[in-house]
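According to TrEMBL, the feature compositional bias 'Polar residues' maps to 290-302. Residues annotated as disulfide bond in TrEMBL: Cys70-Cys134, Cys83-Cys144, Cys114-Cys124, Cys248-Cys258, Cys332-Cys396, Cys345-Cys406, Cys376-Cys386, Cys492-Cys502. Marked as domain 'SRCR' by TrEMBL: 44-145, 169-282, 307-407, 417-525. If you look up TrEMBL, you'll see 290-315 marked as region 'Disordered'. Annotation source TrEMBL lists signal peptide at 1-25.
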Amino acid sequence: MRPVSIWQRSPWGLLLCLLCSSCLGSPSPSTAPEKRAGSQGLRFRLAGFPRKPFEGRVEIQRAGEWGTICDDDFTLQAAHVLCRELGFTEATGWTHSAKYGPGTGRIWLDNLSCSGTEQSVTECASRGWGNSDCTHDEDAGVICKDQRLPGFSDSNVIEVEQHLQVEEVRLRPAVGRGRRPLPATEGLVEVRLPDGWSQVCDKGWSAHNSHVVCGMLGFPSEKRVNTAFYRLLAQRQQHSFGLHGVACVGTEAHLSLCSLEFYRANDTTRCPGGAPAVVSCVPGPLYAASSGQRKQQQSKPQGETRVRLKGGAHPGEGRVEVLKASTWGTICDRKWDLQAASVVCRELGFGSAREALSGARMGQGMGAIHLSEVRCSGQEPSLWKCPHKNITAEDCSHSQDAGVRCNLPYTGVETKIRLSGGRSQHEGRVEVQIGGPGSLRWGLICGDDWGTLEAMVVCRQLGLGYANHGLQETWYWDSGNITEVVMSGVRCTGSELSLDQCAHHGTHIACKRTGTRFTAGVICSETASDLLLHSALVQETAYIEDRPLHMLYCAAEENCLARSARSANWPYGHRRLLRFSSQIHNLGRADFRPKAGRHSWVWHECHGHYHSMDIFTHYDILTPNGTKVAEGHKASFCLEDTECQEDVSKRYECANFGEQGITVGCWDLYRHDIDCQWIDITDVKPGNYILQVVINPNFEVAESDFTNNAMKCNCKYDGHRIWVHNCHIGDAFSEEANRKFERYPGQTSNQVI
């Protein structure tokens, strides 16, 4: 039975509440705001640190007592409901394992389950108020969108905690300010307090403190600094000290988690005999500021990394995958925390972890789950040095894949590019800044050959997530007074940090189609799909069929046969086909939808269906040296949800000219016995080959990760039978295993049978 508040019983109760400050739920100056009646007298606040005003540990006051929520079964849908309770429009994320510090008192809710549409958290299912088996190390937090609900009562603003806290940290170069390249790796440590930026007294400053500061700023490690030089320099400068007595262990993800002391406003003598703390950080390989640093790092012998990130929109974020027995696999999120995430981040050349993500927030992996219950102290040089459990598939599912978001150095690349004319900040015509000091100007990019890969780089550079579309025509977006095209021939691989790292024509502008109508544009998105082929099914279903020509007229019409079929003696004879099934999963965070709308789909009378994508998959037979000896392709005969995971409903089906696509958590199955689900190998000689299947080969539809779109198999053909084995996703093996695979296709001899 739900609790009924006093004002729901009678109008006299409401009047009493208005007149008496001691009424249940009435705010006091030092507590959080009262919640509106829709939540039945409950009050909500965000607490903990370090945090911004729209994020924190969720605390609920019930019956006059503040308590927290356990992170068991917590989801983004529950975060949406709680953010609306707090006066925000929606949630952008949630946290677990007491990211904002453990709370105190009761744990009011456990196993909270919401659909996301509830008006109040009381409408969500749970174990009941106060019924929990959690500790405060499992307190849940939310990250709300920094946008208030219209008409939300001013009395419901978030609680502002009274104690001081360090909000941000930066390094201020003592010399050459404004002329040094970004990122800044050395300088005076400055912290942002509520009244502005202040320096830190260096008395008792240690290498552990520097390690924490460098981690916050996106650097994996620190190095010794010439303190004598800076002390000499400090004698000639004025300083404003706000912090002293900093004592870190070195494993903290934020300076606020260290022991520290703030100067009081009436302290007249600050840092006597001391000087501002100075830190020098070592950038990771991706952010080495000078060519000298890059060469120095590249000269060090480096083995293949055993940890990687997949599926993130930005560097330093993604699903964590580890290499074990030459095969990549994921990590179960049980007991996954900031310490373990920070070890991953630093190992990969980034700073400490900003977030430890659970619940496959960066998309689900496929294949093995190698580790669970990883417990790091934060001092380990590698994740493999942390205590962990090896698990089997029954212990954990890919819906529990762990991920990270790392702290990154500030490079300022987002200031050199902008979008204009779009309906929101996530879309528009791309404008780039060129020229030197005193002659900077903005210009447009030629739309020739502009596509998804180039759009991925723009969206990443602007911090806007994934690319949704790369547009070659932008006549519907007004460019204002910017009409000059200043860049052309842009070609990106999709992995660059900024557009100026992509190949382009330089100062020579060559554009086939002139005018602002044909300039480049992008549409960015916070989520993206991620297609993955079920490689084991290809191996299990592969076989050879000799199919009569009189049964292949439709296939010939759709160009699904080898070129030699055109000169065949139709309808006599046959073609030899390598057939197999392909099951394509969407493991991303957005539905996979064809780029073209239904109005432009092409009807094929012969097979009786619409093509929403002209080329959806490439099928190739390759020799050991990569020469193509047979090929096939498949249009998207029909993109639909054939089957889905247990808790996912189908959304797309092709019947009756229905919408096409693949829902997150579903897969599209092309059976081996349908037309064009083959490679015509009539002209292929016996021997050892590689079978390769590539999904979305032209990058026509944006995905979070294109590196897993290819699948390879060893293939042995004796002229009558075929053996397909060792099928795997292109990036599923270690580099050494891939080299062996390509060197010895089929068997340990490359001789043709």
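Cβ coordinates come from backbone N, Cα and C, glycine included.
Those TrEMBL annotations? Automatic predictions, nothing curated.
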Under the DSSP assignment, what numbers of helix, strand and coil residues are found in the domain 'SRCR' (169-282)?
21 helix, 38 strand, 55 coil
Between the disulfide-bonded residues Cys144, Cys332, Cys345, Cys406, Cys502, whose Cβ has more other Cβ atoms within 10 Å than any of the rest?
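Result for the most crowded candidate: Cys345.
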Any idea what the Cα distance is from Cys376 (disulfide bond) over to Cys332 (disulfide bond), rounded to a whole Å?
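Distance between the two Cα atoms comes out at 14 Å.
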Tell me the Cβ contacts of Cys396 (disulfide bond) under 8 Å, same chain only and six or more apart in sequence, or just say none.
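The answer is Cys332, Arg334, Ile369, Ser372.
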Could you tell me the mean pLDDT over the domain 'SRCR' (44-145), as a whole number?
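Taking every residue of the domain 'SRCR' (44-145) together, the mean pLDDT is 90.
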Return the member of Cys83, Cys114, Cys144, Cys258, Cys345 nearest to Cys492 (disulfide bond) in space, with distance defined Cα to Cα and candidates limited to these disulfide-bonded residues.
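Spatially nearest to Cys492 (disulfide bond) by Cα position is Cys345.
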Residue counts in helix (H, G, I), strand (E, B) and coil for the domain 'SRCR' (44-145), per DSSP?
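Per-class counts: 16 helix, 35 strand, 51 coil.
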Fill in the CA-CA distance, Cys114 (disulfide bond) to Cys70 (disulfide bond), as an integer in Å.
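Distance between the two Cα atoms comes out at 14 Å.
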Per DSSP, how many helix, strand and coil residues does the domain 'SRCR' (417-525) have?
16 helix, 36 strand, 57 coil
If I restrict to non-local contacts, at least six residues apart, and a C-beta distance under 8 angstroms, what lies near Cys83 (disulfide bond) in its own chain?
Thr89, Glu90, Ala91, Val142, Cys144, Lys145
With DSSP, how much of the domain 'SRCR' (307-407) is helix, how much strand and how much coil, in residues?
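Helix/strand/coil tally for the domain 'SRCR' (307-407): 16 helix, 35 strand, 50 coil.
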Of all the disulfide-bonded residues given, namely Cys70, Cys134, Cys258, Cys345, which is spatially nearest to Cys124 (disulfide bond) at the Cα level?
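So, spelling it out, the nearest of the disulfide-bonded residues is Cys70.
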